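Student: Heads up, here are the entries from TrEMBL:
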DOMAIN    234-398  domain 'DUF418'
TRANSMEM  26-46  transmembrane segment
TRANSMEM  74-91  transmembrane segment
TRANSMEM  103-121  transmembrane segment
TRANSMEM  127-142  transmembrane segment
TRANSMEM  149-174  transmembrane segment
TRANSMEM  210-233  transmembrane segment
TRANSMEM  253-273  transmembrane segment
TRANSMEM  285-310  transmembrane segment
TRANSMEM  330-349  transmembrane segment
TRANSMEM  355-374  transmembrane segment
Amino acid sequence: MINGTGELIPVTGKERIVTLDIIRGFALLGILLVNMLLFMAPLLYINLTETQWWTTTGDILADYFITTFAEGKFYTIFSFLFGYGFYIFMERVREKGKPVVKLYVRRILVLLLFGIMHITLLWWGDILHFYAVIGLFLLLFRNKNEKTLLIWSAMLIIIPIVIMGGLTVLVAAIGDADIAGQDFEQVQTSVQVYSQGSFMEITRQRLADFSFVAGGMYIMAPQVLAMFLLGTYAAKRRLIQDANINGPLLKKIWVWGLIVGIPFVFLQFIGKYNLLGTSFMSSQFYYLTGTVIGGAAFCFLYITTIIFLLQKPDWFKTLSPLGDVGRIALTNYLLQSIIATTVFYGYGLGLFGRVGPALGIILTFFIFILQVYFSRYWMKHYHFGPMEWLWRTLTYGKLQPFKRT
């Protein structure tokens with residue numbers, strides 16, 4: 001948006017795309033649902049022991065539910081929306097003739113800083129630094145046409161599968177007897193530190209956990225970049241703003257999301273729980289393949305479903321509170337970490353390792369409902385969430401309006 005003096009300022013109020021905010025708010029619910037398992041238990045190491053951490057029927061069924069409907073389906077939505085927002089940001093800056101690359105890089109570096117602080121002070125599973133690093137590669141595609149974006153997306157999304165397939169073959173040739181089942185001591189250490197440790201002890205454990213998981217996380221970088229590019233493509237097509245015009249295309253996306261998603265999510269399920277009784281690496285290959293393809297397919301299934309529902313007045317009224325959550329998504333994402341770590345870590349209630357997925361789902365909805373009310377209140381009194389305000393202020397190099405008058 002351009003003010004009366006010709007100065008570039010952030011998008012606010014009516015200029016926002018409400019549907020994007022609602023989808024973003026919905027994605028935050030799914031992100032918390034998946035992350036809750038990682039907040040509450042040492043799954044980072046449990047998954048390598050090939051043991052079942054959850055023992056009650058309720059917890060096992062809850063875990064199955066999260067795997068089927070949430071795991072891998074919501075960070076892809078966020079990735080898609082990141083690419084969508086990238087194009088909108090670039091167009092606004094370009095229209096004014098401002099330095100596109102300079103402003104975007106500054107915006108990304110601030111996001112990277114937030115991510116580093118999140119890792120250091122709160123939680124090892126941060127996604128912000130990941131998006132910041134991968135987001136820099138979007139600059140290479142800022143002037144590409146729609147066809148090029150689709151071709152690159154298709155190529156990138158299969159790279160993690162190819163890498164994992166190669167690793168599976170390599171490990172099979174070497175022998176993977178020692179790949180799994182060797183980390184139960186780390187499981188015990190994780191439970192002890194997170195449930196009973198001081199803030200500094202937990203910080204050391206958190207940084208160790210991040211170092212442990214970082215390499216595996218970046219295997220998924222090509223898929224995330226692919227979703228960024230698909231979001232950019234959709235923004236170029238005005239897929240969401242012009243949903244009525246794009247109805248036939250959106251229906252095709254919904255159908256294909258269902259057709260492709262169901263078998264690949266089933267493959268994800270088979271791999272995660274090793275229902276075929278294969279080697280550890282083979283089961284991980286099935287899991288990753290199902291997560292990459294099934295997660296992307298369900299992402300579009302969810303997005304198009306929300307778009308269709310929002311065209312009905314009753315559903316729009318029902319889902320609109322998610323819009324406020326989505327408008328301050330960065331603040332709410334970090335707030336989820338603050339609340340969850342306070343509940344589970346030793347400097348709070350110390351419940352780490354003592355709560356299962358069934359109760360975790362209940363806690364997820366309780367926290368999210370609080371965030372809905374918090375977000376509604378906040379947006380009545382302020383233009384931006386506190387972290388959004390800081391992000392914009394540092395990006396534009398000028399204090400942004402904060403409190404509504």
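Glycine residues also receive a Cβ, built from the backbone N, Cα and C atoms like all the rest.
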Student: Between the stretches 74-91, 285-310, 330-349, which wins on the count of C-beta pairs under 8 angstroms to the transmembrane segment (149-174)?
Tutor: 285-310
Student: Pairs of Cβ atoms less than 8 Å apart decide it: which stretch in 74-91, 127-142, 253-273, 285-310, 330-349 has the most with the transmembrane segment (26-46)?
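Tutor: Looking only at 74-91, 127-142, 253-273, 285-310, 330-349, the most contacts with the transmembrane segment (26-46) come from 330-349.
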Student: Per the definition of 3+ C-beta pairs under 8 A with sequence separation of 6 or more, do the transmembrane segment (74-91) and the transmembrane segment (330-349) touch?
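Tutor: When sequence-distant Cβ pairs are counted, the transmembrane segment (330-349) does not touch the transmembrane segment (74-91), since fewer than 3 lie under 8 Å.
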Student: Which sequence positions outside the transmembrane segment (253-273), separated from its termini by at least 6 residues, show Cβ-Cβ distances below 8 Å to it?
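Tutor: Distant contacts of the transmembrane segment (253-273): 64, 67-68, 71-72, 283-291, 293-295, 297-301, 304-305, 308.
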Student: So what pLDDT does the domain 'DUF418' (234-398) average out to?
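Tutor: On average, pLDDT over the domain 'DUF418' (234-398) sits at 96.
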